[in-house]
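Student: The active site, proton donor/acceptor feature in TrEMBL is assigned to A:Glu260. Residues annotated as Zn(2+) binding site in TrEMBL: A:His259, A:His263, A:Glu289.
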2 protein chains.
Amino acid sequence: MNILKHYRKIWAIEHAQSLLGWDMEVNMPKMGITERSVAKGELSVLAQSLTLDPKFLDLVEKASALETLNDYEKGVIRVLQREIKIAKAFPPEFVRELSEVRSKATMAWSEAKEKDNFRKFEPWLDRIIELSKKAAEYLGYDEYPYDALLDLYEEGLRTKDLEPIFEKLEKDLKPILEQILEAGKISNEHPLEREKYEIQAMEEVNLRILELLGYPLGVKGRLDVSPHPFTSGFGINDVRVTTRYEGFDFRRTLLAVVHEFGHALYELQVDERFMFSPIARGVSLGIHESQSRFWENIIGRSKEFAELIYPLLKEKLPFIRNYTTEDLYAYLNMVRPDYIRVEADEVTYNMHILLRYKLEKLMINEEVKARELPELWNDELERLLGIRPKNYKEGILQDIHWAHATVGYFPTYSLGTLLAAQIKNYILKDMPDFYEKITTGEFAPIREWLKQKVHRYGSVYSPKELLEKSFGEGINPEYFIKYIKEKYLD
Amino acid sequence: MNILKHYRKIWAIEHAQSLLGWDMEVNMPKMGITERSVAKGELSVLAQSLTLDPKFLDLVEKASALETLNDYEKGVIRVLQREIKIAKAFPPEFVRELSEVRSKATMAWSEAKEKDNFRKFEPWLDRIIELSKKAAEYLGYDEYPYDALLDLYEEGLRTKDLEPIFEKLEKDLKPILEQILEAGKISNEHPLEREKYEIQAMEEVNLRILELLGYPLGVKGRLDVSPHPFTSGFGINDVRVTTRYEGFDFRRTLLAVVHEFGHALYELQVDERFMFSPIARGVSLGIHESQSRFWENIIGRSKEFAELIYPLLKEKLPFIRNYTTEDLYAYLNMVRPDYIRVEADEVTYNMHILLRYKLEKLMINEEVKARELPELWNDELERLLGIRPKNYKEGILQDIHWAHATVGYFPTYSLGTLLAAQIKNYILKDMPDFYEKITTGEFAPIREWLKQKVHRYGSVYSPKELLEKSFGEGINPEYFIKYIKEKYLD
C-alpha cells in the first residue's frame, strides 16, 4: 500500500516530535528552548506539507472510494482523512506559529508556576486563546467554535454531547459530596498526607509497582521525573511514563504512576501489525483516559490493591509501620474539596473539569482575556467546591494544558473517568473474580482483557464505534454515579 | 536569504536526528530500536530530498557564482555544496539502509561487547564494511576509496596527508616509549587505579569539575551516563556531555568528562548569529578533537590541574586522603602500553589510532572480512605496543565507531591530539601565565581565547583555512613530539 509507504515519513516526523516534546519536559537544559521551539515548528510544517502532498491526497481519495476495504484499511483512511482535514485547515505559518508558541508558552508557564507569578504566563495565555479561536475558525464548526477544538481530541465530540453529561454530574455529585461530608464516615484528611518520604525509596516503590502491574521497564518503557506526570509513546515498543516527587503525601506520585501506566499499556498493546501506520495509537483522549482512570481509580484505589502493595510500602517507607492496610485504603480514598485537579479524589474530580470546561467555553465562545481568568477560576471553584485558591499555583497555573495550547482537552478527562466505571462493570461480567485477581497481583488476564476489548484496535474504529463494538453502548454517566454512591455512601 | 529559510527545515531534521541518537545511547528502552531505526532512516531520506530540492540547488548554485559574498556567506555556500555533493552521491535507498543498519549495528555491538561475543557483531560489521565501500564508490575519489570516507569527517583530508604523519609518529614515538619504559621514572602503574569509588560521589566530582571549567549545567548543558562517553549538540544553546562509571580507576570518568567538555565548549561558543544555519557547528572532527584533547591532555593532565582539583577530590573521595597531589599527577600521567584507546596515555594513544587506521585501510581498499579483523587487530597491537588483547572487549569490540558505520573517523583523533599540542604553543605566546590560570581555576580567559581563535567561526572556514587564518600553519606533528619529549623525558 503506497499510502503507508508515504505515511511512514509523516510517522517518522511524529516519532521525532514526540521525543523532542518528551525531552523538553524531562531533560532539556533551559536555554535549549531557543532552538527546540524552532525545530518543532519546522517539523510541524514539514509534516503538514507531507500530509498535503497532492499525490498522497489523490491516493487517499481513491482508496476511500473503494468498496473492498477491510476494517483495518477503513481505519487507516478514516484517520488519514481526519489528519488531512486538519492539515488543510491550518495555513503553514499558523502551524509553525502554534508549535513555537506552544514550546515557549510551556517554558513560561513552568517559570510562572515556580514563581507563582501569573503575569509571566498571562501574555502567552492570551496568545493561546487567540490562536485557539483562530484554529476553531480554520477548522470550522456547526454550532459553537469550541466544538471544532473538542473534535481535535475526541473524534465526533460536540458541546451538545457534553452539556447533559456535565449537568448530570453537577446535579448528582453535589448532593453526594454534601452527604459524604456530613456523614463524616469517609476520611477528609489523613496523617499519611503529612508523612515525608525519601525520593529514592519512593522511586523504588514506584518501579516495583510498575513491575507488579506488568510494565516492561527497560525493555519497552522507563520511568522519569517531570514537572507534570505524563506518558509519551514513540511507537508500540517504547512508551515512557513520568511522575514527580514532592517528598510527602506519597499517594500523589504513586497514583500518578498507576494512572500513567494505564495510558502506557494502551499504546503498548496496540496490534503490532499496525506499526508505523496512522492507526498505531490510542484512538482518542477520552478512550485513553478511560484506561488510565481504570488503573488509577478502579484498581489503584481498591481495597484489594491496598492489600497488595501494603507489604511493599512497609518495606520501603519506614513510616508505614505505624499504619494498617485500612489506613492505607482510607488515605487513598479520602474525599475533600481541594485545589489540585490531579490530586483530586474520585468524587470531586469531575468538578475540576467542569470548572475548566466552563472557562474554556468562555475563552473560545466569548470575549474573555487571560487577565480575567484567575478570578473566574477562583469564583467557579468556590461555587462548585466551596473553597477559594490562595495563590496561582493551586489555581489557574496548576495545569500544563493551556500552555500546550490544548484547549478542548480537559473534557476528555471526565469522559475517561466515566468510562472507567463502565469498564469496571463490563469486566466484572466477564471476570467475576476481577477483584480477587488484584489482591494476588494477577494482572496478566486483566491486561489481556483490556487488550482484546480496547487496546489492540489502536485507532481502527472511531471512539463511538469502538465503544459500540466492544461494549454495546456509548458513554453513560449513570455507571459512574452508581459506582460513587456504592463506594462512598453504602 | 531564501537559502537559509529552506535550510531551516533540514536543520530541524538534523536537530531531531541528534536527539534521536542521543536518546538511543542514554535513555531508550531496548525494544525501542525497532521503531527508532526506521524513524532515523526515514528522516535521513527526508533530509536528503530537501537538500536535493531543485529550487534549493538552483539558489545555492546561483549564490556560489556571486562575487560579492562575505566570509559568512561563502562559508554557508561551501558547507551546503559539500552537503549537496554527499546527498547527490547517495541514492535514497542507500541512505535509508545506512541509517537503519547503523542503528541496529549499534545495538548489536552493545550486546556483543557486554557478552564479549564478537559473533553477535560480526555480520553487522561485514554489512558496514560493504556499505562503507559502496559509500566510497558513490562519493568518488582520486587515489584510494578510503580518501572518500576521510573527507566526510575531515574536509580535504587524504591518505597521502596521513601517511607521513603516521609514519613520523610511529618512528618517533616507539623509541620515546621504549626510553620512558626503560628509564622507569614515569609511573606505569599506580595504586589509585585500584581505588573504588561510589558512583554518586564521583558524579558529584564530575559535576563540580564541569562547573569549574565553566560548563553551563542545566542552562545549556547536562551530564548523563552512556556506554561510550560522547558529546551531542542540539544547537548553540543545548550541548550535552556523557560519561560512564566503572566504579574504580576514577581517572577514566574524570578525563572523559574534561574531554567531552572540550567538545561541548566548541559548539557552545559558535557565533550566535549562525544559529539554524549550516555553519553553526564545529567545522570538522579533527578540529573538534583538538579542542577536547586540549582540555583533556594539555589542561586535564597538567600539574596545575592536579593541584586545582586535589581538594575537591579529597572532599568527595575518601581514599584520596592517602595520596598527595604528586600522586594524583603521576596517576593522571602514567605511561603504559595497554588495551583501551580511550584510557590510553598521551604517549601510546596515537598507536591505537595507527592500528585502526591500518585496519580501516584494509577494510576499504582490500578484501578483508569482519571475521579476520579480531586477529589482525591483536597482531597489530602486539607489533605496536607489545601486548595482545585477551578478549574482544579489550580488543576489537571496545569502540562504538564501526557500529556507527563511521569508517574514516579514527584518524581525526590523532589529528586533534597533534593539534592540541600546537594550540598549547600558540596560547602560551598570547597568554604566558596560561598554566598559572589553571592553578587558580581562572578558565574564562582560556575559553575566550579559544572562542576568538577557533570556536566562534563555526564552519565558516574549512579546517585548513581556519588553521592558516588563526595560527599561520597547518597540522604539524613536530609540536606534539616535542611536547611528549619535554613532558616525559626531561
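Glycine is treated like the rest: Cβ placed from N, Cα and C.
Provide an account of the burial state, proximal residues and distances for the features listed.
Tutor: Other Cβ atoms within 10 Å of the Cβ of A:Glu260 (active site, proton donor/acceptor), summed over all protein chains shown, number 26.
Around A:His263 (Zn(2+) binding site), the same-chain residues six or more apart in sequence whose CB sits under 8 Å from its CB are A:Thr231, A:Val241, A:Gly282, A:His288, A:Glu289, A:Gln291, A:Ser292, listed in sequence order.
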Student: Check each residue in the chain of A:His259 (Zn(2+) binding site) that is at least six apart in sequence and keep those whose C-beta is under 8 Å from its C-beta; list them in sequence order.
Tutor: A:Pro229, A:Ser292, A:Arg293, A:Trp295, A:Glu296, A:Gly300
Student: Cβ within 8 Å of the Zn(2+) site's Cβ centroid: which residues qualify beyond A:His259, A:His263, A:Glu289?
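Tutor: Other same-chain residues near the Zn(2+) site: A:Thr231, A:Glu260, A:Gly262, A:His288, A:Gln291, A:Ser292, A:Arg293, A:Trp295, A:Glu296, A:Gly416.
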Student: Within 10 Å of the Cβ of A:Glu289 (Zn(2+) binding site), how many other Cβ atoms are there?
Tutor: 28
Student: In three-state terms from DSSP, label A:His263 (Zn(2+) binding site) for me.
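Tutor: A:His263 (Zn(2+) binding site) sits in a helix per DSSP.
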